[in-house]
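A.B. asks: Pasting a structure here, questions to come.
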Amino acid sequence: MRHGRWRFLAGALVPALVLHAVFVLSPYAQAFYLSLTDWTGVAGEARFVGAGNYPRLGGDSLFLHAVRNNAVMLVVVPTVTIGIGLFLASMMHLGGRGGRRGIAGSGAYQIVYFFPQLLSLVVIAVLWGFVYNPNNGLLNGALRSVGLDGLTRSWLASPSLALIAVMAVLVWSSVGFYVVLFSAAIDSIPRELFEAALLDGAGGWATFRTVTFPLVRESVHVAFVYLGIAALDAFAVVQVMTVGPGGPDGATEVIGLSLYRNAFQYGKFGYASAMGVALFFATLTLAVLALRSGRKERLELA
Amino acid sequence: MTVTRERAAAVAARPAPARRVRRSGAAFPVHLAMLAWAVVTALPLLWAVVSSFKTDDEILNEPWSLPASPKFDNWSRAWTQASIGRYFLNSVVVVGAALVLTMLLGSLVAYALARYEFRGNRFIYYTFVAAMFFPVFLALVPLFFVVQQLGLLGTYPGLILVYAAYAVPFTVFFLHAFFRTLPSEVAEAAFIDGCSHSGVFFRVMLPMARPGLVAVGIFNFLGLWNQYLLPLVLNPDPDRYVLAQGLAALSVSQGYRSDWSGLFAGLTIAMLPVLVAYVAFQRHIRAGMTAGAVK
């Protein structure tokens with residue numbers, strides 16, 4: 001039996017470990033080394049330049065645009081998504097006032113809201129490219145049909161609107177998931193708490209502030225981390241939907257796009273790897289900060 | 001059913017008249033808000049589906065109207081001339097094979113790590129799980145060269161292996177927790193009956209783990225079907241484009257000038273499998289995905 005045990009374990013683990021080492025672990029490890037070279041893809045011609053790529057990042061205006069845009073997205077996308085998500089989820093549970101029963105049809109609403117979450121960001125980007133089209137898109141068509149011709153814009157081509165248009169798409173695609181998430185969290189709050197608030201004469205807003213929100217705080221926290229990581233990506237939407245892509249004039253550039261362009265269009269593999277490392281540390285910082293503040297909150301509750 | 005019962009209990013628990021007064025006051029704006037977001041969500045999707053049946057002229061001049069007569073040839077043109085059919089089949093081949101490989105390897109690893117104690121167990125577990133938290137962009141450049149050196153660039157096996165490699169960590173993470181919750185008595189009985197280790201795994205544990213396998217299988221299907229970054233980098237041959245990649249290429253290269261209706265049809269074709277999976281499994285999907293988020 002012992003012999004069979006080791007043979008089974010080896011058979012179960014080795015194929016997956018080989019795959020993991022070759023296609024996942026080794027690329028991640030190599031990326032750190034490559035970021036210290038000036039490699040342009042020719043075998044044997046990677047020159048070690050130490051940290052030299054990193055100061056160059058600071059002088060690359062397009063990359064700085066990307067960092068700025070990602071930073072804006074990191075704040076705006078989670079805040080707006082969570083705001084709408086919490087609003088809709090607590091609306092669903094308002095029923096009378098502060099109750100926890102869903103309003104009629106809340107199940108159907110959730111089904112509709114959730115669907116975009118499942119679509120590929122590429123499909124979403126192509127779809128919204130059509131919606132934003134200045135001549136025959138849905139958005140300008142809607143504005144014209146209600147007589148607001150003055151508000152029609154060339155959404156993705158104007159520098160001041162393009163980033164907002166991109167962020168709106170990200171919010172649109174993810175709100176449904178968080179409605180369902182927050183809805184489940186509100187469901188698990190004991191009904192007595194709502195009834196106590198009702199008896200105390202608390203209105204909808206007071207109930208939300210004193211009962212609902214404090215008790216779904218952990219879910220909100222998780223949501224911030226998830227959305228933050230998603231906001232550091234945004235590659236597919238920007239690459240497919242925007243002019244340039246990343247334009248106009250760097251207005252929608254994101255780090256992923258800069259990395260992709262430098263590596264696979266300009267062949268600056270070492271430099272692109274440095275961007276990857278920068279993105280990695282941004283993600284890591286975000287995760288650590290989120291985990292630490294989460295721990296503090298839990299201590300306060302305890 | 002449970003919802004109805006809960007609602008009935010709630011009605012019983014509260015003084016009815018007061019409730020009715022409050023409810024009629026709050027219900028209208030609540031419904032308005034819910035409905036507004038439902039329209040915002042559904043309208044672009046419905047618009048794309050409707051547009052896929054219109055002529056280019058109708059799309060260009062009347063973005064809002066219904067088609068005068070539905071044009072089914074948009075779909076056949078997208079499927080054949082715009083290569084959506086080929087991209088679709090490429091996706092089916094790559095995602096199908098990668099899904100089978102991911103589930104097989106992922107469940108083997110998860111089971112071995114969850115049910116056997118040996119030195120290095122935790123280390124191997126964290127090796128897999130840590131990879132879930134690294135941005136794929138970091139690996140992108142070296143991954144391209146690894147795949148190139150193996151001669152797998154732009155091939156089915158290359159994409160399948162890479163897809164599987166990046167889907168296994170989540171599968172291990174999810175199923176590891178699942179295998180831990182399964183009772184060990186059945187497995188022990190099977191051992192006593194002379195079943196081998198692999199026999200226990202395939203004949204006893206896998207069937208018992210079916211709910212977990214279905215859940216993680218659905219997530220993996222959606223994740224792999226929607227994959228874009230990996231094929232964009234590793235799959236340069238237009239004949240082997242997967243659906244998302246092909247659709248993106250079409251919309252960037254020709255969409256704004258030529259075949260609008262064909263593109264809308266392609267877009268609708270790309271949404272269909274996900275819609276079908278959602279309609280079939282929507283309860284599982286929503287419950288499973290939100291449960292995964294809280295963990």
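Note that Cβ sites are derived from N, Cα and C of the backbone, with glycine treated the same way.
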A.B. asks: Do you know which of A:31-50, A:71-90 TrEMBL annotates as transmembrane segment?
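C.D. replies: Going through A:31-50, A:71-90 one by one, TrEMBL gives transmembrane segment for A:71-90.
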A.B. asks: Can you say which of A:71-90, A:111-131, A:161-181, A:269-291 has the most Cβ pairs under 8 Å with the transmembrane segment (A:223-242)?
C.D. replies: A:71-90
A.B. asks: Using a Cβ cut-off of under 8 Å, list the residues of the same chain at least 6 residues beyond the transmembrane segment (A:161-181) that approach it.
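C.D. replies: Beyond its ends, the transmembrane segment (A:161-181) has Cβ neighbours at 69, 72-73, 76-77, 80-82, 84-86, 88-89, 92, 109-110, 112-117, 119, 121, 124-125, 128, 132, 153, 155, 219, 222-223, 227, 230-231, 234, 237-238, 241-243, 247-248, 251-252.
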A.B. asks: Within the same chain, where does the transmembrane segment (A:269-291) have neighbours whose Cβ lies under 8 angstroms from its own Cβ atoms, ignoring anything closer than 6 residues to its ends? I mean 6 or more beyond.
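C.D. replies: Residues 31-32, 34-41, 46, 49, 53-54, 56-57, 63, 70, 74, 221, 224-225, 228-229, 232, 255-256, 258-260, 262-263 contact the transmembrane segment (A:269-291) from elsewhere in the chain.
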